[in-house]
Amino acid sequence: MRTILTTVSSPGFLYLASQSPRRRQLLEQLGVRHELLLPGPDEDSEALEAVRPGEAPAAYVKRVTGLKLEAAVARLVRRGLPPAPVLCSDTTVALGRAIYGKPEDARDAARMLSELSGHTHRVLTAVAVQSGRRRFDALSDSRVTFAKLTPAQIRGYIAGGEPTGKAGAYAVQGTAAAFITRIAGSYTGIMGLPLFETAQLLRKVGVRWG
Ligand SMILES: Cc1cn([C@H]2C[C@H](O)[C@@H](COP(=O)(O)OP(=O)(O)OP(=O)(O)O)O2)c(=O)[nH]c1=O
C-alpha cells in the first residue's frame, strides 16, 4: 500500500481498469505510470459486454465502456484504495451493424474472419476516464480492409492462436498485418487504446507524464 500511496499522490498516476495486455503496453508507450485495477472473482466483467439486440456499434462500445468505468470506480471505493483517475476502454469490430467481439472459440473466430475477408470493417474503441466526479470520454473510429482470405489462411491464422482475446478475432499488431491491405484512422485505437484521444482525456484530469 505504501508504494501506491506515494505514487497516487503524484499527478502522473492513474488506475488502468483493464486486463488487456495491449492496453497496458499502449499506456506504457505513452509513459503514463499506472496500477492495474482488475475485477475480483466476485465480478462477472464479461457480462457487461452483452450486446443489446439492434444496438448500433458506436452506442454499444460507449455503453460498455461506461459500464466498465462504473464498475471500476465502485471497485476502487470498495477496496478503500487511494483516490486517483480511473481509465477504461472497450474495442469492438463492426461490419455494417454486425458487432464482432472476442471469439468464443476457433469456430467463432473462423466465422468472423471469413465474414471480414475481402471487406472493409470499422474498429471502434471508446475510452473513458473518471477523476472524482468528473468524467470524460472519447471514441476512436477506424477502418480496416482485409485482403480476400482463403480457408487455409484462416485455419493457419487461427492455429497460431492470435485470435484469442481479440475483437474481430485478429490483431493488427500481429501477423494479421500480412492480410491487412489498408487502415484509415488510429493504429493504436485499432489495437485497443487510441493514444491521441487518451492523452487528451488524461490532460483534462490533470494526469501528466514523460
Ligand atoms: C481489433 C483488435 C483488437 N485487439 C484487442 C484489444 C482488446 O484487448 C480486445 C478487445 O476486447 P475488449 O473487450 O475491448 O477488452 P478486453 O476484454 O481485452 O480487456 P478489458 O475489458 O479488461 O479492458 O481486442 C487487439 O489486440 N488488436 C486488434 O487489432
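A Cβ is built for glycine as well, from the same backbone N, Cα and C atoms used for every other residue.
TrEMBL entries are annotated by machine, without manual review.
On a predicted model such as this, the values are computed, not experimentally measured, just so you know.
In the three-state DSSP scheme, D90 (active site, proton acceptor) falls into the strand class. Here TrEMBL flags D90 as active site, proton acceptor.
A 10 Å cutoff on Cβ-Cβ distances gives R22 (site 'Important for substrate specificity') a total of 19 other Cβ atoms nearby, all chains included. In the three-state DSSP classification, R22 (site 'Important for substrate specificity') falls within a helix. Residues or ranges marked as site 'Important for substrate specificity' by TrEMBL: R22 (among others).
If you take the C-beta of T91 (site 'Important for substrate specificity') and look for same-chain residues 6 or more apart in sequence within under 8 angstroms, you find V61, V123, L124, T125, A167, G189, I190, G192. Residues or ranges marked as site 'Important for substrate specificity' by TrEMBL: T91 (among others).
Taken residue by residue with DSSP, Q173 (site 'Important for substrate specificity') is part of neither helix nor strand, so it is coil. Proximity of Q173 (site 'Important for substrate specificity') to non-local residues of its own chain (separation of 6 or more, Cβ distance below 8 Å) is seen for R22, M191, given in sequence order. Taken from TrEMBL, the feature site 'Important for substrate specificity' applies to Q173 (among others).
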For D90 (active site, proton acceptor): intrachain residues, at least 6 apart, with Cβ closer than 8 Å: E49, V61, V64, T65, K68, T125, A126
